[in-house]
Amino acid sequence: MESIYLGNCWTPFNWIYAIYDVLVKILSIREIFQILSLMYLLFLYIGFLLISKFDISLSLAFFFPCVFWICWAKIKNETWDIPNRKNRLVPLIFTLIYLSILAIFWKNIFIIIFLVNVLVILIITKFWKISMHNYGLSAMAYLIYAFTNSIWLSTIYLILVIITGYARIYLKKHTVSQVIAGTILGISVNYILLNLI
């Protein structure tokens, strides 16, 4: 593929295209999508920091569930995203219990929001496999807008929702309906939640 640069002018588009150009030459599309899927947790963590005005202590709410999830995936001999729906239940229950304990001793709105979202995902996962990637990123897109009023940051997250959703379908990790359901629920659950709090 030949690079298309806008003359000698290095616009943001040219930087993005140049990075894409290099990635395509080094990696396959599948590998790029796998990297994007792995970056999901980083995007969620950055989102958490944005909505909490960079409250680093919230790392506690995020760190231990992630470690448990990865360890559980190893125990079950699965990839880190645990594609088997039933194997997702134990780490989700652990996260729910852990966040409940944190919420009792540390009454923080973001812990409560995280807790409710994990509960919703757990209930759905008991019966059906939903895209947690798209649920988490779309929830974060809405929460960033609700707490920061930043349309451009929310737009970045919505773009990530689209790219990640496509990647999950391309990698055959989810069906289209699972990705769409995750996206719609991520936004709607948090919209309802913030209107109730």
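Each Cβ is built from the backbone N, Cα and C atoms, and glycine gets one as well.
Swiss-Prot annotations:
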type	residues	note
TRANSMEM	4-24	transmembrane segment
TRANSMEM	32-52	transmembrane segment
TRANSMEM	55-75	transmembrane segment
TRANSMEM	104-124	transmembrane segment
TRANSMEM	143-163	transmembrane segment
TRANSMEM	177-197	transmembrane segment
Same-chain residues near the transmembrane segment (177-197), Cβ under 8 Å, at least 6 residues beyond its ends: 109, 112-113, 116-117, 120, 124, 128-143, 146, 161, 165, 168-169
Intrachain residues whose Cβ lies under 8 Å of the transmembrane segment (104-124), provided they are six or more past its termini: 48, 51-52, 55, 58, 61, 89, 92-93, 95-96, 130, 132, 135-136, 139, 143, 185-186, 189-190, 193-194, 197
